Amino acid sequence: MNAAPDTSTQASEGPAPQQQSLPRRILARLGRGAAWAVFALIVVMGLAFFGGPIPLGPAEDAVSVIAMLVPWMTVPLIAFGAIAIAAAVLAWRAKRHALLTAGVLAGLLAALMIAVPFAAASTAAEDHGAALSWGEYFAAPDTVTPDQTETYAVIDDEKLYVDVYLPEQPAATVPAIVYVHGGGWSGGTRDESAAAQQWLADQGLAVFSIDYRLASPPRWQDAVGDVKCALGWVRANAGDYGVDPSNVSIAGDSAGGQLAMMAAYTVDDAQFPPSCETEEAPVTSVMGWYAPTDLTTLTADSDMPASAEGYLSDYLGGTLEAETERYEASSPLTHVTAGLPPTMIVQGEADRLVSTAQGAALADALESAGVPVTELDLPWTHHGFTGQWGGWGSQVLRPAVAAFLEEHVAR
């Protein structure tokens, strides 16, 4: 007679554990791979943003570009940080300690890239009477269109245009400001800073944002001459816009700031004549936002030397060694003398392209010459920050610019 099978052992052991199906295992591996990819991206951004220059030859410029893009990527950073923390929670449940640690660290790094610039901007805002707004920071840019667009000159068959932004409720006569766009002397457009130009118009100024001829060929004299031509056009047509022709200022960002200062500092200089028939006259004031001021040291000062050298070579027609006189002549610092117009120099302390040493050198020279100078250094702020008009740097900039205009531009 056969004995009954003993089921006590089977009952005590319970059912055998079920292994994950193949599709689930594949999805899990893909998920972990995606998480590691996000972690790596955050780390690369963090190292570029918080780290100093890395001597990697051409790659040095690429690292700096990544750092410059971080302030524009707050929303993706929030998403990446959330993914990192979510992955860390899942890793904790699955007892995957390496993934857990990496997720926590990546999430913290993403948070720091958002928090540190805000904290620094908050301190700067208190110093300049600015009120920071997260709503403005995240708001979509307004669509801005000029009130008019005119041709201010035709040179070598090339039409040069000017966009005009007027105050909504102008006084009998208003001051004017000519705005010169940046772009490394070889790019950029007159409408790329439209939000800033509209803001200036809202302060009661008539704003004239201009074209100029771009490199290459070398435009180191032509571009300055075009800016002077535009200044003359504004004065000649002042009555059409309710402008006081004796109260015309000039401003620009990056390469445009250098051109603005050159036009302001070289009145009646035979080496930099206007490119059209017009009389020159001193401007009321000049502003240079993250502008190079000494072209002979720009590349050496820069954390993006390959980019700086390329821009300069196209603009000036050769290297510093080959065209030293052009580099010196095209540096606003070279032309500092007593009697220049009040100058505002704005610099981002984290600018990888144009070092703060550029603005500081010009400010010191102007002060020594007795020229009224306002210097504004913005912490954790990168090159081109005014393109993000709701960003922290721009929010701190605005009241400082308003104060400068209030002091030096009669309205």
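Quick reminder: no glycine exception, Cβ is built from N, Cα and C everywhere.
Copied over from TrEMBL, here are the features:
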- Ser254: active site (ACT_SITE)
- 163-366: domain 'BD-FAE-like' (DOMAIN)
- 1-20: region 'Disordered' (REGION)
- 34-54: transmembrane segment (TRANSMEM)
- 66-92: transmembrane segment (TRANSMEM)
- 99-120: transmembrane segment (TRANSMEM)
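If you take the C-beta of Ser254 (active site) and look for same-chain residues 6 or more apart in sequence within under 8 angstroms, you find Gly182, Gly183, Gly184, Gly188, Trp289, Tyr290, Ala291, Pro292, Leu353, Val354, His383, Gly384. Within its own chain, the transmembrane segment (99-120) has Cβ neighbours under 8 Å at 32, 35-36, 38-39, 42-43, 45-46, 49-50, 70-71, 74, 77-78, 80-82, 84-89, 91-92, 132, 379-381, 392, counting only residues six or more beyond its boundaries. A mean pLDDT of 97 is what the model gives for the domain 'BD-FAE-like' (163-366).
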